[in-house]
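Positions annotated as ATP binding site by Swiss-Prot, on the basis of sequence analysis: 29, 30, 31, 32, 50, 86, 87, 88, 89, 90, 417, 499.
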């Protein structure tokens, strides 16, 4: 496929137009009084959402140049979303403002390299100022406030998320699922460990109506080995049968003679038994089996390295639990060893050290999951509603609120509603520049810092943003904010208008870094659509770019 190179004023104009259109679509969702956006689907009804990231990634211009620019911006938004799961809307508003201001000084003939240095210098000063403004999140009420703000003012969502954090702890797992019921939001708590492995045979089911395996006071046998033959298991199975208690086997796999014999004994009523595959793979499986052993009190995880063999196991070597619930997809161990016992706490400390020492985001995520299973259990937020559109829109807000809450617990909070960024202006007043063009870059960031609060106030139906900003800066009180819910000034922390520092920090960082990339972007190479393609863009000179008709 042939391609072409787009440079100069044509490229700059295209960047400005794409950024403006993206900001219009995404920016309208900002704040508690932000609007929704409908996203059409190839099949089914359009999806209605206030999730800025979802809106951003759904925009695919027909024009190849516009698409290339939009993809660069969407990639940065994706990285922002991956880091904190929120802040995409703020990132979009800031990016658009910086690029708009840069285009003005570029047209005036400023040295763009010096301007870029000024922008990046201002960025570092703002990030430091934000850190000095933070306050730790300690109470359940503060957690609820953060979640409520991120859920666009939905207090029910904020309260439920705070309830989840209280129940499973700051390291606990909280997940979001769609519910088939009409109840808007409900919390389901799992006390214990849950992993994504179900029963190996439906013949193990004890509750045929719900297709569940349900055991009370079972023994738990753990092994890293694959079980093919029944002979090594016979001694411990005989002891289990005499005890009258059920048995759960967690192994790499159970198949062949071993599986068929277990199923046969279960069907004949001689043994209450079930088998599941061990969670994870490779070394991670070994670690997770070790976690289960600690949590259930099992003395051994049978493997080739141990001196003790399967045939030598006694009932005292096995783990135990109050209850076990197994579906075709998950296994939940409930009421095992007390999470506060010394062995469990020692394991938790060990995993925390591994998280601190890990350099891989993927490894950290998996270690965090292990930590959560050991320390806090699992809480599930079940989102319901009267229609699929309603459920999906609410689920988006719940997920955003959950991400924001985690960020707030991790790094603390700052005044919300765009006020935190506004108050960092003072950090730029005394910032020294090498020359006039570098000062232009600093001034660009100053104007960009006012963009989020202006947009939030605009979305609330007011054009009074300049007066609001002037009043906030005049008071010299960095806890003062403008609450658009009541259209009046208030204290950020007493009114609950707060944002997670991590979300604000990363959104600003990514926005300015992305804008800096566009500052020095001199050319884009794009493919020319084939003649059979109905694309709006032609091959010669990108005709039709004016007004971005390709959107």
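One-based numbering along the chain as shown.
Just so it is clear, glycine is given a Cβ too, placed from its N, Cα and C backbone atoms.
Distribution of Swiss-Prot features across the structure.
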residue: 29; record: ATP binding site; DSSP (3 states): coil
residue: 50; record: ATP binding site; DSSP (3 states): coil
residue: 87; record: ATP binding site; DSSP (3 states): coil
residue: 417; record: ATP binding site; DSSP (3 states): coil
Per-residue Cβ crowding (10 Å cut-off), top of binding-site residues 31, 87, 417: 87
Maximal Cα-Cα distance (Å) across residues annotated as binding ATP, namely 29, 30, 31, 32, 50, 86, 87, 88, 89, 90, 417, 499: 17
Fewest Cβ neighbours within 10 Å, where candidates are the binding-site residues 29, 89: 29
List of residues, in chain order, with Cβ under 8 A from that of residue 50 (ATP binding site) and at least 6 apart: 29, 34, 35, 36, 37, 152, 393, 396, 397
